[in-house]
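What follows is a set of notes on a single structure, which appears directly below.
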Amino acid sequence: MLTQQELKQQAADAALELVEQVAGPDVIIGVGTGSTADLFIDGLARFKGRLRGTVASSERSAARLAGHGLAVLDLNDVQSMPIYVDGADEIDPNLHMIKGGGGALTREKIVASVARRYICIADESKLVERLGRFPLPVEVIPMARNAVARGLSRLGGQPALREGFVTDNGNIILDVAGLSIADAPGLEKTINDIPGVVTCGLFALAGADVALLATQDGIRRLERRG
């Protein structure tokens, strides 16, 4: 039986096959953050010299990419990318996701928005029927912490400050347990409209286009409907 680490590697390898299909001297690849994204980054090293470069969703990923000799570009200098590859904390059959366990949710949303296709890589344990078992990360401007926490409580959540953590943008994270997420796009908009929220970790208004889920029997590929 494959371990979770081996399943993550399997998912990363499947995404690298997609990179092989689009690689070229003018191609830029968007790269996410997290343990599965780290494996993708390590595999991306073999494309050194075959890509124009990469765009990273966090300082952590940028450092790892640079360590492999891959060019890391400023998103302001990039007009489009064929794919953005990232993991997920949870993903449902609609390819809506909860992300942000690593705290990079805002930059992940920004970088993903510039890519033509969002490729989610994960092991099969991340696939759920309904989002919400994993606490929802919400990036918050520090002065708004308590006001935002009250707003999240009114939505039925139980927000908790992620102690000792500051995002790459200088903000804090509230991890929200207990939310009922029947309408992920609607809840994403509602939370994002709370003054002081930078963004929440629901990726539903713009979810993944393709999910590559590693199973004991190989890769299960899901594509967004419509």
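Keep in mind that glycine also has a Cβ here, set from the backbone N, Cα and C atoms.
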Quick one: which of Lys126, Lys189 does Swiss-Prot put in the substrate site with Thr33, Gly34, Ser35, Thr36, Asp86, Gly87, Ala88, Asp89, Lys99, Gly100, Gly101, Gly102?
Lys126
Hey, for the substrate site built from Thr33, Gly34, Ser35, Thr36, Asp86, Gly87, Ala88, Asp89, Lys99, Gly100, Gly101, Gly102, Lys126, who else sits with CB inside 8 A of the CB center?
Gly32, Ala37, Ala122
Measure from the Cβ of Ser35 (substrate binding site) and count the other Cβ atoms within 10 Å, all protein chains considered.
13
List of residues, in chain order, with Cβ under 8 A from that of Lys99 (substrate binding site) and at least 6 apart:
Asp86, Gly87, Ala88, Asp89, Leu105, Glu108, Pro137, Gly201, Phe203
Look up Lys99 (substrate binding site) in the DSSP assignment and report helix, strand or coil.
coil
If you count the C-beta atoms lying within 10 Å of each candidate's C-beta, which of the recorded positions Thr33, Ala88, Glu108, Lys126 ends up with the smallest number?
Lys126
